[in-house]
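The structure's right below; bear with me while I get my questions together.
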Amino acid sequence: MALVKVSSIFLVYLFGFYSQTAAQSPQILYCGCSPILCCSQLGYCGITDNYCGSGCRSGPCRRSRDPVDKIVTQQFFDNIISKASNGCDGKRFYTRESFLEAANATFDFTSSVTSLEIAAMFAHFTYVTEHFCHIEAVNGTSGDSCDDNNKQYPCAPGKSYHGRGPIQLSWNYNYGPCGQGLGLDLLRQPELVGSNATVAFKTGLWFWMNHARPVLS
C-alpha cells in the first residue's frame, strides 16, 4: 500500500512538472497558426511587425517587407483579369494602378500586409467578381439592399446599396461606415463605388481590414 501511495505521489508530481513546463512554453500552447499568419517569438499569431518581424518563428516572417507594388505586379494582375471575357465591364474598369493608389492611401494595410494575405485577398476578389468581370452584382438593381431597421445608417431616398466593387460591398449598414472610414458619403452616393475604380478598391480594402483580417486565424 505504501508503494502505491508513493507511486501516486510521484505521478502527481510528474504530471504537475510537465504541466508547468507546457504552460511556460508558448510554442506548445500557441503556435500552429494559419499559414497566412506569423507565429511571434512569444508564440502568438498575427500579421504585424510584432508577429512577423524580429523573433518570428514560422509563417510569412519578414526581415524586410516587399512593397505592395512588388507583390502586385502587372503580370500578377493581368493573370487574373485576362481570364475575364472581353465583354466584361470590369475588364475596362479595374486596373493595377487603381488598386495601388487605393492601397497606398491605406497606411495600415501597406505597413503590415504580407504576400500571403494579398494572395488570399485577391483570391476573394477573383471569386466574387469572376476575375474582375463584374463591377456591380448581377441583377443587383432588382433590389435596393436597404435595411430600413438600421437607424444608424439610414438609406437615402432612391439609392440602391447592392453589391459593387471588388468585394461587392452591399447594404446600407456597410456603405455607411465604409464611407465614414474613407471620408466619403457613400450613403448619399453609393454609385461612386461602381464608377471610380480607386474608390472601389478602397471599399474592398476597408471591408478586408475590418471584417476579413480580424478573423484570418
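Just so you know, glycine gets a Cβ as well, placed from its N, Cα and C.
Because TrEMBL annotations are produced automatically, they should be read as predictions rather than curated entries.
Copying in the features that TrEMBL gives for the protein in this structure:
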- 1-23: signal peptide (SIGNAL)
- 31-63: domain 'Chitin-binding type-1' (DOMAIN)
- C33-C45: disulfide bond (DISULFID)
- C38-C52: disulfide bond (DISULFID)
I'd like to know which of these disulfide-bonded residues, C33, C38, C45, C52, is least surrounded, judged by other CB atoms within 10 A.
C45
Cα distance, C52 (disulfide bond) to C33 (disulfide bond), nearest Å?
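About 12 Å separate the Cα atoms of these two residues.
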Distance between C38 (disulfide bond) and C45 (disulfide bond) at the Cα atoms, whole Å?
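With distance taken Cα to Cα, C45 (disulfide bond) is 5 Å from C38 (disulfide bond).
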